[in-house]
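Student: Pasting the feature list from TrEMBL:
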- LEU118, GLY122, HIS123, LEU124: (6S)-5,6,7,8-tetrahydrofolate binding site (BINDING)
- 5-387: domain 'Serine hydroxymethyltransferase-like' (DOMAIN)
- LYS226: N6-(pyridoxal phosphate)lysine (MOD_RES)
- HIS225: site 'Plays an important role in substrate specificity' (SITE)
Amino acid sequence: MISKLHNSDPKIYKFIEQEKKRQQEGLELIPSENYVSSAVLEAMGSILTNKYSEGFPNHRYYGGNPNIDLIELECINRAKKLFHVEHVNVQPYSGSPANFAVYNALLEPGDPITGMNLLDGGHLTHGWKVSATAKFFKSYPYHVKPNGRVDFDELWNIAKEYKPKLIWCGATAYARTIEFEKFSEIADSVNAYLIADISHISGLIVGGVHPSPVPFAHVITTTTHKTLRGPRGAMIMVTKKGIKKDPEIAQKIDKAIFPGLQGGPHNHTTAAIAVALGEAAKPAFKTYAKQIVLNAKTMAAEFTKLGITLVSGGTDNHLMLLDLSKEGSLGAQLEYAMDVAHMTANKNTIPGDLASPYYPSGLRLGTPALTTRGMKEPQMKQIARWIVDIINHIKPYRLPEDKTKRLEFMKTFKKKMDKDVFLKSVAREVMNLTSQYGTNT
Ligand code: DSN
């Protein structure tokens, strides 16, 4: 069947088809990515995008919203039931706006906050220096210890000295269980809000393979497109504990989103979130979440067996962080070489990285997307072996110490890799594997 898009805009159609092919042929190892179902895609691509509906259900600033109200209310109710929370706002455009809305709701400019340092696995919006969150609030980041786990002694000291009004827990490159109870003890001791950003692990929480922050946090934020396997969007949830601390907290969050920060909600996204939440409520999702973690543990064990160092020595969740400092800060080179071999991952800093975020010493890998495709332990071992073969192959290309030489070095490296016979042979093996698996649509 020739699509309407193909007829009306063949150029964009072609680019989309190319991307579809890339997603089908390649191995998606970025831990924050996933493949949505056809049902989620259908809702995302629906006519709901045509409608303005500023405001909230039954309280809109535009007419014609009876159906949008039904969709948003259904989405809210599904989220409340699935996560066991009291209030949910499903309108944030994505994770960063959701987090900024929390600041907007609960703090005054200049208030002190703390979150995990970006280089240690935290998120930009948890107070990293180049983020607006550090411009408008005073940020005192906490770190991980040499063993790769959160340094709670340091966090206690930060809490006592700076009295943060808001503490973030949750991360983007942290392979260990988030110890919500320990964070809540510290937050409660200084009467701070504890905000759990569960973007990476919300699917694992729903699937019962990671503890829930609900008894401990006041507010929870999550994107909906990572392990939760929904569309690109986000939610802000308020717990009983949050309402006990501040009975107005739910209204403050809603007002911070609209009119505080955003305009019209993306109703097509809201509908697709509702569909994804419906899928996540099914028993099969628990099996999926369990397999994500099993796959990650299997892959991590294979890397360790093959001599690769992992930050924190392994994983409890869906991701792992390869520490390639002893191999020569290979993060950027490995990301590129893997791309040539049809494997997508992302270079990442490691705790205490002496290289820069653009040329870091680590590589972040995750299993949610591969697990969606139905891959299991044997495939994880094979993929780890391919990656280690590539690491060994590119080891001679150590990052130059002299920063001014790095750009030129990468240009030459990329040209060589584009024609590299070994990488092409891995790409063929990868395509042979991926041809046996669909992409959830
Ligand atoms: N960009 C997300 C990730 O990849 O983890 C975080 O916002």
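Placed from the backbone N, Cα and C atoms, the Cβ positions cover glycine too.
Curation does not apply to TrEMBL; its annotations are automatic.
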Student: Give me the sequence-ordered set of same-chain residues, not including LEU118, GLY122, HIS123, LEU124, with a C-beta within 8 angstroms of the centroid of the (6S)-5,6,7,8-tetrahydrofolate site's C-beta atoms.
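Tutor: My list of surrounding residues reads GLY115, MET116, ASN117, THR125, HIS126, GLY127, TRP128, SER131, ALA171, THR172.
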Student: In the structure shown, which of the binding-site residues LEU118, LEU124 has the fewest Cβ neighbours within 10 Å?
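Tutor: Sparsest of the binding-site residues LEU118, LEU124 by Cβ contacts within 10 Å: LEU124.
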Student: For LEU124 ((6S)-5,6,7,8-tetrahydrofolate binding site), which DSSP three-state class applies?
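Tutor: Note: LEU124 ((6S)-5,6,7,8-tetrahydrofolate binding site) is helical by DSSP.
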Student: What's the CA-CA gap between the residue listed as 'N6-(pyridoxal phosphate)lysine' and LEU124 ((6S)-5,6,7,8-tetrahydrofolate binding site) in angstrom, rounded?
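Tutor: Pair distance, Cα basis, whole Å: 17 Å.
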Student: The domain 'Serine hydroxymethyltransferase-like' (5-387): mean pLDDT?
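Tutor: Computed over the domain 'Serine hydroxymethyltransferase-like' (5-387), the mean pLDDT is 97 on the 0 to 100 scale.
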Student: Round to the nearest Å and give the CA-to-CA distance linking LEU118 ((6S)-5,6,7,8-tetrahydrofolate binding site) with HIS225 (site 'Plays an important role in substrate specificity').
Tutor: 21
Student: Round to the nearest Å and give the CA-to-CA distance linking HIS225 (site 'Plays an important role in substrate specificity') with HIS123 ((6S)-5,6,7,8-tetrahydrofolate binding site).
Tutor: 16
